[in-house]
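J.: I grabbed these lines from TrEMBL:
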- Asp425: active site, 4-aspartylphosphate intermediate (ACT_SITE)
- Asp425, Thr427, Asp873, Asp877: Mg(2+) binding site (BINDING)
- Asp425, Lys426, Thr427, Glu560, Phe607, Lys630, Arg664, Thr745, Gly746, Asp747, Arg847, Lys853, Asn876, Asp877: ATP binding site (BINDING)
- 43-110: domain 'P-type ATPase N-terminal' (DOMAIN)
- 899-1149: domain 'P-type ATPase C-terminal' (DOMAIN)
- 85-103: transmembrane segment (TRANSMEM)
- 109-126: transmembrane segment (TRANSMEM)
- 305-326: transmembrane segment (TRANSMEM)
- 357-379: transmembrane segment (TRANSMEM)
- 934-957: transmembrane segment (TRANSMEM)
- 963-983: transmembrane segment (TRANSMEM)
- 1013-1036: transmembrane segment (TRANSMEM)
- 1051-1070: transmembrane segment (TRANSMEM)
- 1082-1100: transmembrane segment (TRANSMEM)
- 1120-1139: transmembrane segment (TRANSMEM)
Amino acid sequence: MAGGRIRARIRRSHLYTFACYRSPTTQEDGPHDFQGPGFSRIVYCNQPQMHEQKPLKYCTNYISTTKYNVITFLPKAIFEQFRRVANLYFLLAAVLSLTPVSPFSPVSMIAPLVFVVGLSMAKEALEDWRRFIQDMKVNLRKANVHKKDGVFALKPWMKLHVGDIVKVEKDKFFPADLLLLSSSYEDGICYVETMNLDGETNLKVKRSLETTLPLEDDQTFKDFSATIRCEDPNPNLYTFVGNFEFDRQVFPLDPSQILLRDSKLRNTAFVYGVVIFTGHDSKVMQNATKSPSKRSRIEKQMDRIIYVLFSLLVFISFISSVGFIAKTKRDLPKWWYLQVPDEDSLYNPGRPLTSGFYHLVTALILYGYLIPISLYVSIEVVKVLQALFINRDIHMYDEETGTPAQARTSNLNEELGQVDTILSDKTGTLTCNQMDFLKCSIAGTPYGMRSSEVELAAAKQMALDIDGQSQASTPQSWRKSSGAFSEVELETVISSKDERPAIKGFSFEDVHLMNGNWLKEPNADNVLLFFRILSICHTAIPEENEETGSYTYEAESPDEGAFLIAAREFGFEFCKRTQSSIFVRERYPSFQEPIEREYKVLNLLDFTSKRKRMSVIVRDENGQILLLCKGADSIIFDRLARNGRTYEEATTKHLNEYGETGLRTLALAYKKLDEAKYSAWNEEFMRAKTSIGGDREGMLERISDMMEKDLILVGATAVEDKLQNGVPQCIDKLAQAGLKIWVLTGDKMETAINIGYACSLLRQGMKHICITTMNTDAIVEDPNKAIKENILMQITNATQMIKLEKDPHAAFALIIDGKTLTYTLEDDMKLHFLNLAVGCASVICCRVSPKQKALVTRLVKEGTGKTTLAIGDGANDVGMIQEADIGVGISGCEGMQAVMASDFAIAQFQFLERLLVVHGHWCYKRIAQMICYFFYKNIAFGLTIFYFEAFAGFSGQSVYVDWYMLLFNVVLTSLPVISLGVFEQDVDSEVCLQFPALYQQGPKNLFFDWYRIFGWMGNGLYTSLIIFFLNIIIFYDQAFRPGGQTADMTAVGTTMFTCIIWAVNTQIALTMSHFTWIQHLFVWGSVVFWYLFLFVYGELTYALDVNAFRVLSEILGPAPIYWSTTLLVTVACNLPYLAHISFQRSFNPLDHHVIQEIKYYKKDIEDRHMWRNKRSKARQKTKIGFSARVDAKIRQLKGRLQKKYSSMSSNGAVAQQT
């Protein structure tokens, strides 16, 4: 078989009862009968050339997630820029600068606008180019495609066409939506991991049509041709309807033959498939939405401030025009030397209203400095530099994958500091899909000494409480017995050091079961059964490592893999599987001499989410038939025989304890079968299995249920779901920062709940509210209406229960599935659902489709009106990531769709803590302070122009030289404000992480609310009044040169401008909390640069034109009044702000003020106890996260201790009386 492979001998489909059975084809089970719109796609297999012309020309396999392309960049980017109201104003001003009414030259108005808009567009182009590069990484992946004559060759994904035959090998992604033709297994099944699509960790079993099984190697495709008629592209991941026309026959197709793009081939050497949907027609891309254009809340509010300032601009321009009309009508005829009216009728006493209108336009341009054009470009520069710092943060660099954090867009930096709700995917985001066998209970005896993270954290916190923090409130006798208490109550959390090398999937530690010691246990028979259930009851395949001789296991779920590794370590190594047998290498009866035993597999009743259990019926070497079963404890306990409940009470207790510590549990049971009963049952079972009809699955379930009864309980397992590094700690810190966390997953409810426990979103004692869809009877006239009414009743009752809850420590968790969400997301019910969800500490949505993830995100975003952040790693998360205010992609995984759609990319979930609590907090405060300062300095500067114009008879005359005005925003005040936006830190990164409650300053918008904005505007108004009137009063008729000359307009204007430069730069220095040499250089360098400019400008001949020749060296420099005025005005301008912050820090300090004082006086080093006490208080009260769980555990332990103390006291009193 040239170019092919030796096919696997096992017919894997025989292992499955429910997942993968192919019933015989009959006339009744014929092709699908469909026609009309929605079912028009025709695919000619192995003939891609047929799809090169319309109407069969379908889209290419090229995908793009960019915002722009070469054609749309210019119009879309210009539209983006002129969505900003300030840019619209300056565009109008630039156009008007070409007319005679402009007080400035056209270049001085057009050049800054072109520079600002051009720089912003260049930044957008750069960011979109990066998206394009990442798109191309996916598009250029290689696929093995049939060329002709049975020869396959590598081709980029983007070059694939509909109808191509593709060969996909193990652990590779499917490049497009394929129809499975055959696989390396003889019966054409394959295993697919759909984690990228629906979040499911368990492998899916897919099967080909029986008619295509002979296509088993490359050469068989030499003359292959067939036709597929099927549904048109649509976003539904779970449905597919089509017919396969081959060899003059027509066969029906269903979803079990479809391999979706971005899912991965597992446990199968190779598959052959034909391309049905390519590129944006594929189901995963149909679920994606176009890259939205996102704007931060601060930027939106900034637009509103611009409206306020524009209103102020129009108002003062109107006042100026009224004053000008009055002057033109009354006084201008008297001033004959002005030679009015002029040619352009700008000054015409005969037509004062026309002249007034022209003056209004002049004033609108003249006072334009109230609206800072450089604000946007400064913010763009600052955000790019902030993004650079995020990208270069070594603490967010993942060494394992070599992946740094990446700010894919810098537009939303400050939004990171205002997040209220996080919506997270589960698989690949919170979990790394790895289980560790940690504990077990066998025959009522618990085994496993190693502690879970929850137990260790509780022990540590209790030790702290007993040691110092709570001594004041702890009874004397408690403190006396604290040593004994910590020994007795916390004994379970003390782990001995493990000398053995770490084994992936096995963290169990207990000498009673290891190294054959279990043979000495009093319940050795039960232990033997327990180990055999672990090693036999599964569907895994062993793979031998030829170098080491050890086995690895390809299991459908990580739980199965962990159980098999545990069985191997206990001495029961699963080593071989044939068509009908399982072989286990058992170290029994002697641990030193392993014996290979064969167990004949008679039936396998596989796991489904509905059954919640799995059973295998085997015959051992003694001829005994056994049913071995594992499943959810509630399911197994319901199926126990009367004589099988010996260990039920003890096992239940252990299961609860394991659950409290965040472990996933399963119960194990068995029963012995006699030959006659089994034969009778098997006949009925095989009859149901080979039946044809819609009720086949129901019959199989009923017959399986008959067998899985009267079981005998053996024990229970407890595995730790390996979360990604630092996930519980990260969630805990985010919860302490006051963030709400929702989990949206495509996984089944039980798995999602277990993960909820593992990462402390759920805990023992939390009240679960499960909203589910009821089963409607056939009698009900309108099933949908009945279901909706039932769901609404559940939501109403749950909302009422939360309202009536009196216990302050009570916490509620809402759990809802995708089917129920379909109804709750409808317009008439979604607000009821949202109100309930907001009242719960945790929200977990299971079995949700990608579309539902996006709809839930939109509901939270629009319903609460607060900032949402969505984080995910797979293609199924793209809609959610794009819908949220901020989208974060996990970039450490293989699928790149989430990253390409995201605004920020991080390698692990744990880095989200630093991204939000540190960078988000800093960026929000920096941008907020920067914008407020910008408006302050422009109001301070712009209003002095208005005051002088009024002072000069509303003539349109500016007090400042044009060059001063150009330099004000571009050079003299731009670098200090950029340094504020880039380097400012109220507290350092360590303190941000130690005091997570500081983060709430962002969601509460403490630094950019209207109170603070108007406060800064008021400060600007005050500064403008002081600068103008003090200078006018001092220089009005004052001789300031040795020759007795009074100041002219240039001298007054230059002095006023000097005062402005000193006042605003001193103000920014007072605003800063954190100084580096760069800030000192920019702030004081700007002041020095002003004097250097003034000196050089005064030496130029151009200065003669504006009466400013040697204005510093000869006119102002030698005059003491110039320097004393500068000093007086600067102090007067900044005195109120200094008084305000002094009063605030002394009598009403904010959180960061207190921390700054502690750090400044080094009290955090001198008084560690006080520092620790402050840290424990500096967290938001939360009912989720590690700390909440530890607090609950402490309350429980203290309650027990209180009871023990009370009983000891009462016993002592009784003893004294006797």
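Using the three backbone atoms N, Cα and C, a Cβ is placed for every residue, glycine included.
Map these features onto the structure and tell me what's around them.
T.: All protein chains shown were included, and the count of other CB atoms within 10 Å of the CB of Asp425 (active site, 4-aspartylphosphate intermediate) stands at 29.
Taking the Cβ of Asp873 (Mg(2+) binding site) as centre and 10 Å as the limit, one finds 32 other Cβ atoms among all the protein chains shown.
For Asp877 (Mg(2+) binding site), applying a Cβ distance below 8 Å and a minimum sequence separation of six or more within one chain yields Asp425, Thr429, Pro850, Lys853, Ala870, Ile871, Gly889, Ala898.
Summed and averaged per residue, pLDDT over the domain 'P-type ATPase C-terminal' (899-1149) gives 87.
The list of residues near the transmembrane segment (85-103) in space but at least 6 beyond its ends in sequence, with Cβ under 8 angstroms from a Cβ of it, reads 109-110, 112-113, 116-117, 303, 306-307, 310, 344, 346, 358-359, 361-362, 364-366, 368, 371-373, 375-376, 956, 958.
Sequence-remote contacts of a segment are chain residues at least 6 beyond its ends whose Cβ falls under 8 Å from one of its Cβ atoms, and for the transmembrane segment (109-126) they are 67-68, 73, 77-78, 80-81, 87, 90-91, 93-94, 97, 102, 365, 373-374, 376-377, 380-381, 384, 410, 969-970.
When Cβ-Cβ distances below 8 Å are used as the criterion, the transmembrane segment (305-326) is approached by residues 85-86, 89, 352-353, 355-357, 359-360, 363-364, 367-368, 370-371, 931, 935, 939, 943, 946, 949-950, 953-956, 1013 of the same chain, each at least six residues removed from its ends.
Residues 103, 305, 309, 316, 319-321, 323-324, 327, 331, 359, 362-363, 366-372, 375, 378, 968-969, 973, 977, 1013, 1016-1017, 1019-1021, 1023-1025, 1027-1029, 1032, 1053, 1056, 1060, 1063-1064, 1067, 1133 of the same chain, all 6+ positions outside the transmembrane segment (934-957), place their C-beta atoms under 8 angstroms from a C-beta of that stretch.
Under 8 Å from some Cβ of the transmembrane segment (963-983) lie the Cβ atoms of residues 104, 108, 112, 369, 372-374, 378-379, 381-382, 385-386, 389, 926-927, 929-930, 933-934, 937-938, 941, 1053-1054, 1057, 1060-1061, 1064-1065, 1068, 1071-1072, 1074, 1076, 1078-1079, 1082-1083, 1085-1086, 1089-1090, 1093, 1097, all in the same chain and six or more residues away from its ends.
Sequence-distant contacts of the transmembrane segment (1051-1070) (same chain, six or more residues past either end, CB-CB distance under 8 Å): 933, 936-937, 940-941, 944, 948, 959-961, 964, 968, 972-973, 976-977, 980, 1019, 1023, 1027-1028, 1030-1032, 1035, 1040, 1083-1084, 1086-1087, 1090, 1094, 1108, 1111-1112, 1115-1116, 1122, 1125-1126, 1129-1130, 1133-1134, 1137-1138, 1141.
When Cβ-Cβ distances below 8 Å are used as the criterion, the transmembrane segment (1082-1100) is approached by residues 963, 967, 971-973, 975-976, 978-979, 1054, 1058, 1061-1062, 1065, 1068-1069, 1108-1114 of the same chain, each at least six residues removed from its ends.
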J.: Whole-number Å distance between the CA of Asp873 (Mg(2+) binding site) and the CA of Phe607 (ATP binding site)?
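T.: Asp873 (Mg(2+) binding site) to Phe607 (ATP binding site), Cα-Cα distance: 27 Å.
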J.: Neighbour count, 10 Å Cβ-Cβ cut-off, for Gly746 (ATP binding site): what number do you get?
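T.: Taking every protein chain into account, the count is 28.
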J.: How many helix, strand and coil residues does the domain 'P-type ATPase N-terminal' (43-110) contain under DSSP?
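T.: Helix (H, G, I), strand (E, B), coil: 30 helix, 3 strand, 35 coil.
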J.: Can you give me the same-chain residues 6 or more apart in sequence from Arg664 (ATP binding site) with a CB-CB distance under 8 Å?
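T.: Correct list: Met435, Asp559, Ala718, Val719, Glu720, Asp721, Asn754, Tyr757, Ala758.
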J.: Across all chains shown, how many C-beta atoms besides its own are within 10 angstroms of the C-beta of Arg847 (ATP binding site)?
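T.: 21, counting other Cβ atoms within 10 Å of Arg847 (ATP binding site).
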